[in-house]
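Taken from TrEMBL as is:
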- Asp9: active site, nucleophile (ACT_SITE)
- Asp11: active site, proton donor (ACT_SITE)
- Asp9, Asp11, Asp178: Mg(2+) binding site (BINDING)
- Asp20, Asp95: substrate binding site (BINDING)
Amino acid sequence: MAGIVVFFDFDKTIIDCDSDNWVIDELGFTDLFNKLLPTMPWNSVMDTMMKEIHAQGKTIDDIVEVLKRTPIHPRIVPAVKSAHALGCELRIVSDANMFFIETILEHLGLKEYFSEITSNPGFVNEEGRLRIFPYHDFAKCSHGCSLNLCPPNMCKGVIMERIQASLEGKKKIIYLGDGIGDFCPTLKLGKCDYMMPRKNFPVWDLICRNPMLIEVEIHEWSDGEDLEQVLLQLINMVSVDARFISVDCKLQTISASNLTLPKPLPVRQ
């Protein structure tokens, strides 16, 4: 086993768009969505939109068909399968919703590769319409994050701390993300972990503006091809390091001369 846990954001990381916006736009409800957005929290807007979409005669099957057309870079599926084959545990932490994520993953044949998906609840009720709720019920209490960057319904940093506390044995973490919400969990990672921010996206900008807060090693990526290359190089690097430790204990040697290692990101000061 590689001794690595890989965390993926979902929107604009695994898929190449925002899944909420994709469904709303493809079903033709963009104008109503934009009108409601300033009036209520995002999850409430999405739940209201699902109610209106249902009232207008759109079915769950219509939503599923839209989700099956979600844009994704062709190297993402091979990257996920390769990381799993190399012994990594794969998890998703996303501010999308469970129904969208699971539907897309099932369509791609990827759901079984992830040991845990953490996202906003999304399910089909007895009336046949999709309900979407916040992961954290912020109407009752705050999730406790003091960073003032995380949305009220989800702090991925709090989620990361919970998962870190539950991991058995010494595991290295690789985290991939693009959005503002991916900055908080970045701050929870240590010197032996790796963060893969999507270059020129919000989390990249936050990392570049706050280098003194960052302990984790940074390796950027731009598209699915970059993601696959950098991720698999990092996994191989960590695995080779682990084999060196094991083999050294037996007074043997191992060659890594054919391994091209990714260069850490030089964070702007």
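Backbone N, Cα and C define each Cβ position, glycine as well.
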Report task. For Asp9 (active site, nucleophile), find which of the binding-site residues Asp20, Asp95, Asp178 come within 10 Å, Cα to Cα. Result -> Asp95, Asp178
Report summary line: Cβ contacts within 10 Å for Asp11 (active site, proton donor), all chains included, total 22
Report task. Output, ordered by sequence, the same-chain residues six or more apart from Asp95 (substrate binding site) with a CB under 8 Å from its CB, or 'none'. Result -> Asp11, Ser119, Asn120, Tyr135, Pro151, Asn153, Met154, Lys156, Gly179, Gly181
Report task. Using all protein chains shown, find which of the recorded positions Asp9, Asp20, Asp178 scores highest when you count other CB atoms within 10 A of its CB. Result -> Asp9
Report task. Express the distance between the Cα positions of Asp178 (Mg(2+) binding site) and Asp20 (substrate binding site) as a whole number of Å. Result -> 16
